[in-house]
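Student: Pasting a structure here, questions to come.
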Amino acid sequence: MSETTSWQPSASVANLLKRASIVAAVRRFFTDRGVLEVETPAMSQATVTDVFLYPFQTRFVGPGAADGMTLYLMTSPEYHMKRLLAAGSGPIFQLCRSFRNEESGRHHNPEFTMLEWYRPHYDMYRLMNEVDDLLQQVLDCESAEMLSYQQAFLRHLEIDPLSVDKAQLREAAEKLGLGDIACREDDRDSLVQMLFTFGVEPNIGRDKPAFVYHFPATQASLAEISSEDHRVAERFEVYFKGIELANGFRELTDADEQRQRFEQDNRKRAARGLSQQPIDENLLAALKNGLPECSGVALGVDRLIMLALKAEKLSDVIAFSVERA
């Protein structure tokens, strides 16, 4: 072995002990509330169709797969957990490894710990309040600020993301020094998201967590469209100290609508020169069988612990980051 090989953990033992304590506290938070802990597969024959998510892919060649079987490491346990909900599990949570074939850096590692939970009969606001309770307990922070996506844009960019045209979006991007990128982007949603990333995110959640809710309906993903305003989806995200912590929905229960969204994602992927992804027929069958009205959220545990310990980067709270894996 080379003398320069970095065999040591990327996190200190002291931080790993604190990490274990935080994870135990998170488990207690849910068990004390009667939420069932579950385990679901780390691999699946289907994967996400989201244009901006990149799953790891492998090949199963063992007995029972003579011609080989393509499997994907899960970017989130969402699809399997919804199948449990459809089977009558009641409220559930999971702490698990998730995998995304994306960047590695201060706030990213391709293998990370996800906390995901689902609450039957909760609307989006009730789940947001529960997320806020968890953050206050783990981070010892103030109660979060709650603002709509529209309010966030009006406050920080002085434009309405629900009605602004592409010319105005490019003008706003120019003011942020993003004109060269914006002029090459023709997709309105991508322009809106770019402005949110560079013009809104850095300005929210500085002193206390910020919940941004009612994302544009075109960014609904697996969320229901609001019955009060069809321009927006029942979707929220959570930000604190420059970090995106969580992404939640009032979950879409209509199997036909979900199929249409998956197919639309694949059309967008094709337009960008990306491979089209296999649609999860098992999830759609579960939705057709009957997913209870529910809300769910995915939260990045490593990022949560990083904030709790006031660490500089994820590798300070992960035993072995990808560079030392």
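Along the chain as shown, the residues are counted starting at 1.
Any Cβ shown, glycine's included, is placed from N, Cα and C.
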Student: Taking Swiss-Prot at its word that SER76, PRO77, GLU78, GLU251 bind substrate, choose the one of TYR54, TYR118, TYR213 listed for that site.
Tutor: TYR118
Student: By the DSSP assignment reduced to helix, strand and coil, which category contains GLU78 (substrate binding site)?
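Tutor: GLU78 (substrate binding site) sits in a helix per DSSP.
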Student: What same-chain residues, at least 6 away in sequence, bring their CB to under 8 Å of the CB of ASN101 (ATP binding site)?
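Tutor: Result: TYR54, PRO55, PHE56, PRO110.
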Student: Once near-sequence residues are set aside, which residues in the chain of SER76 (substrate binding site), 6 or more away, have Cβ atoms under 8 Å from its Cβ?
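Tutor: VAL48, SER98, MET114, GLU116, ALA298 - these are the non-local Cβ neighbours of SER76 (substrate binding site), listed in sequence order.
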Student: What are the sequence-distant neighbours of PRO77 (substrate binding site), meaning same chain, six or more residues apart, C-beta distance under 8 angstroms?
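Tutor: THR40, GLN94, CYS96, SER98, MET114, GLU116 - these are the non-local Cβ neighbours of PRO77 (substrate binding site), listed in sequence order.
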